[in-house]
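Colleague: Pasting in a structure now, in structure tokens, and then I'll have a few things to ask.
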């Protein structure tokens, strides 16, 4: 069912367009000076009016990512791969998604410590979450999607890992512009990783079976509704 595939695609497209819109506004109103140094995403979203847009983008991305994380957990479990690793993925995904909302609502110019906590949760736990998904995909039943999903996830996760390391190293030695570029590239890779879920979500189908009360013509029992999921 292609409708479910639109969920991760929507997150990827919305997040990408939204953050670059924040960047464009920040540059246009001189909140940041790109000739002096390339700005971090958080720097672009730290000043009004784009700070309001930045917070809303992060909140919406948080909700969409939570939705995706829960659906993916249920999908893996229904495929017969219920395991502690899948549960760990669910926990990591939920916490990292909440981190997105935290970093968006506590700008670095207001409460820097909370903002950094949200960034650490979103980046580090989010990266671990996607490595878990790559591992689960590798050990899933063979399929046409699995043949390309595994290498794509591994390449993107490896890229994210390298970008995280480069970002912190470059920032610590004073190369802020280069570190900011790594941050932008890292977030774009995260959106790509979310978008990849579309390949698996398109196989989700929902069928609703309704049993009516006696007299409405089917059963002696009180009416009930079961939702059966075929993947």
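Numbering starts at 1 and runs along the chain as displayed.
Cβ atoms are placed via backbone N, Cα and C, with glycine included.
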Colleague: Pick from 25-44, 85-104: which stretch is listed in TrEMBL under transmembrane segment?
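Modeller: Checked against TrEMBL: transmembrane segment maps to 85-104.
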Colleague: Average the pLDDT scores across the domain 'CWH43-like N-terminal' (4-204) and report the rounded value.
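Modeller: Summarising the domain 'CWH43-like N-terminal' (4-204) by its mean pLDDT gives 91.
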